[in-house]
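Trainee: Provided herewith is a single structure, encoded as structure tokens, for subsequent inquiry.
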Amino acid sequence: MAACFRTLTARSWLGALGAVPLVPLLDRSHQRPLGCEEKVFRSAVCVENQHHTADTRKITFTLQDGTPWTRQGAIANVLVRVQAAGKVETGCCACCKCPQPCGCPKKANGCCACCKCPDTCGCPKQSAPPAVAAPAAGCCACCTCPPPCACPKTANGCCACCKCAGTCSCPKKEAPSSSKAARPYNPLYADSDSQITLLVKRYPDSKVGGALHDLKPGEAVEVRGPNQQWQFQEGKYTEYAMVAGGTGLTPLIQCAGHVLAKDAAAKVKLVTFNKTADDVLLKAELAQLQKVFPGRLKVVHVVEAVEGRPTKELLQKLLPSPKGGKVLVMVCGRKEMTQEIAGAKAKDFSQGELGGMLKELGFDKEHVWKV
């Protein structure tokens, strides 16, 4: 079932503290399932682009059509697509809730007459959302692989990695364009139903990360999703050990908040690996999360410049025993790190065989998940 990235009441796990606007990604079972026809790219406007560390930024987006962000599980990502995006056209303000293009008359300050903002509002103006290209054959809209998907196709044209069992009639996605680039990101939190914040790292060879770092408020990108990556099962595990490398922390902090909020018996140990102390991410958010779940969340930051890269001996000290029974180890980081710790994922992005240090330590495949 689908669920919303949703701002909660004072009972939410960080709302009572108010210092950090994290919002748990909780299931809402009364929502209708997220259908394949909804898995299309939509326009999202940058409303804030904040410095976080030397090479990461927190970027907040709002869906232009006001549609709520929806997702399917404890860990979910969105696919962000960028192109040669210029400044948005004037004529409609970012606080407008009308379907685009808005036909309302404009006030003296350029805002729509339907908006509730004062006449002194300086909100950025937004453009109409880009037209959706006609779908091309070869990959189905319910596919969650980074494009272009290389999975074999079923008889109905869907990817073999999809869960629709060959009966899905979802539209086919447009073929990737050389002028566009896409990359999945895990939202940190939602500030409202239609707004999410991403943590984006800028790599030297990253077209998407570089473009997102350069975004200014009012400029737009395209987004699709969210896409489920892992489904939480209450009671299946009682102890979670999460190993994160760099920005691999983002899906795991999302997961930790969900697990702790949904299962009062669960405990989480989150281990982060970063090259230097200045590279440690989301320290304030993690500190607040520990206050909300005292005694149930432990965070350990490993600085490689001091303690070195992950080793079997170090993991043995940091992780619970594989003989504990209801233990799940989750690993997320660069491909090379995941392969060293837990073995490589399969070519179709499924879990693949368990390998690496965790296998040497005695863990089995049922108790390890590669995000």
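Note that Cβ sites are derived from N, Cα and C of the backbone, with glycine treated the same way.
Where the annotation comes from TrEMBL, it is an automatic prediction and has not been curated.
Grabbed the feature section from TrEMBL, which reads as follows:
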- 1-18: signal peptide (SIGNAL)
- 39-233: domain 'FAD-binding FR-type' (DOMAIN)
- ARG183, PRO184, TYR185, LEU199, LYS201, LYS207, VAL208, THR250: FAD binding site (BINDING)
Trainee: Report the same-chain neighbours of THR250 (FAD binding site): residues 6+ apart in sequence with Cβ closer than 8 Å to its Cβ, ordered by sequence.
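Mentor: Listed in sequence order, they are TYR185, ASN186, PRO187, LEU188, LEU198, LEU199.
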Trainee: Just how many other Cβ atoms lie inside 10 Å of the Cβ on TYR185 (FAD binding site)?
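Mentor: There are 23 of them.
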Trainee: Please find which two of ARG183, PRO184, TYR185, LEU199, LYS201, LYS207, VAL208, THR250 have the most distant C-alpha atoms, given that the record lists them as binding FAD, and give only that distance in angstrom, rounded to a whole number.
Mentor: 20
Trainee: Which one, from the binding-site residues ARG183, LYS201, LYS207, has the smallest tally of other C-beta atoms lying within 10 Å of its C-beta?
Mentor: LYS207
Trainee: For VAL208 (FAD binding site), which residues in the same chain are close in space, meaning a Cβ under 8 Å from its Cβ, but six or more apart along the sequence?
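Mentor: In sequence order, VAL80, ARG81, VAL82, ALA181, ALA182, ARG183 meet the Cβ cut-off.
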